[in-house]
């Protein structure tokens, strides 16, 4: 009888509204929990250790195998080891070329300090413009890679390009390992981690852009975010001991800050995470203190990032900071009200309204008093994207035409369905969401929940880490349905959540409890299905997709672009060192990397001035006079103009999204009347007319080089008007 009275006394203490007594009962529970492991038999401890050891080994092996797979696939795709340095560098296209060029500059610098100074006061990249390249382009990965390359003595062992891409592939291995661990923590079995990795690799076209553009900021940053999510998942678990909680907190702090330093858009993703945690806090009162500790990590990371990113004001005016401060203020204004009462429900609604109002107010105040260069074009883009505004602006319409900023295609959903990922994800999401709704209604009605959840309960929605992941994946999924580029954030989540669900006995038990299954013991059936279903999925994926992966590694592909190689060779041999080149931003990035010559624009879209430059330089493909183009180019001190035949004669893309179509609309050279488009301009298209070599074009421009893809013109400094 003495043993039976203990639990009833603890239960009464938890029902008391006073927070001090709750804390005392929590301390007593922790003391009791720490005493439990001493009574566990040795064979059970050995089983737990073996399970953890095998799981960790599988997680690390999965990450290493994926990194090796990426390296082998990259070698077969580009035939990388058999190419000259110039041909290797051409494989870095667009903004990727810019990032890698600064890594090369750091290695050429006489010292690390001098290299950093030249990047922070860079006037050798864009004409008539001095930029802080480290802050504006988030070059911290390149700084770290250059330091590691020289400090480890790798310059005597491996070429710089292999070291650089090797780090990125290694981070992708960490990315996969973190997803493995997260799914393992949620389901309790490392089988879920194996299934997560399998789905991630099979659907890698939709999970990562590493195959197309290695140096992208997201490829450096998302592995740290995956580590942060894994640490947060463990931190939110109810049955975590103090040592595990401390480890998860430290890992979460380090990965949050690193993630924020690696990617300029990281605070927007953390803002979505903060919203998910806020809703979790509203639904799960037991995790309130832990959630507010995460808020403190956000604030610390934001202010530390502000100081170390050269006082980056974008972090101060970010919605994340305003939201977290609003949550802190709202918590201070909260009153201790007995749970489940009508007053408590009203206070919840008031608190929600207060947080939203304070967030908007604080963000407006921050923008009024903090000087900032926030991406104004992003807000304009969203207005046009959602139909709130119409524009003829070239930059806005060009962004809208980018595939990554459009709604996802049907092929995307078809690929996820063919790999069986999407059907299982929908099943898991619906089950967890409905179970979560059940829990929320119980909380609203003031019903107390069990301290420990058993398999027989069939209530997977009571676990706080599950509530967080369900909310977060819904938010990311909603954005992915509007903007296709977000799928690279959402699809890895889909892999992780689907694998967790099919491998979790709790999820199957929750389904069986709703179905009121009586013919077979539901617990036994749940355990069987949690192993049988993922095994069947794994075997089917192995049979269908493993041969394809092996075929990809066996096929020797070749990246062949002789015209670009010839152009870069001509520039390095014939053009003066002080020459400034003008052309499309994507080509300018390659020129900066391969030759080091100065350019007029860059393929970067986070700076209003660079966006305006890009629009002006693109006028070479519009219907404007030779004099107009000459004035534009000389205003940027350009010496050479490069016309790309692929843009001038573009026919492959959707009509209306070609560069020349967008320019005609922006310049008023296309007028829409009663559904018909009428073209009107005094002049022919410049990129066509300049090739004919007649006056007045020859007065301003002299052709000095051409091949099948590129036409290079020297911009005359002395204009000779010839008939």
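Placement of Cβ uses the backbone N, Cα and C atoms for every residue, glycine included.
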Per TrEMBL, the range holding transmembrane segment, considering 143-160, 161-178, 215-232, 269-286: 161-178
89-107, 108-126, 184-202 - the one TrEMBL records as transmembrane segment: 184-202
Segment-segment contact (the transmembrane segment (184-202); the transmembrane segment (422-441)) at 3 or more Cβ pairs under 8 Å: no
Feature contact check the transmembrane segment (316-337) with the transmembrane segment (489-511), CB under 8 Å, 3 or more pairs: no
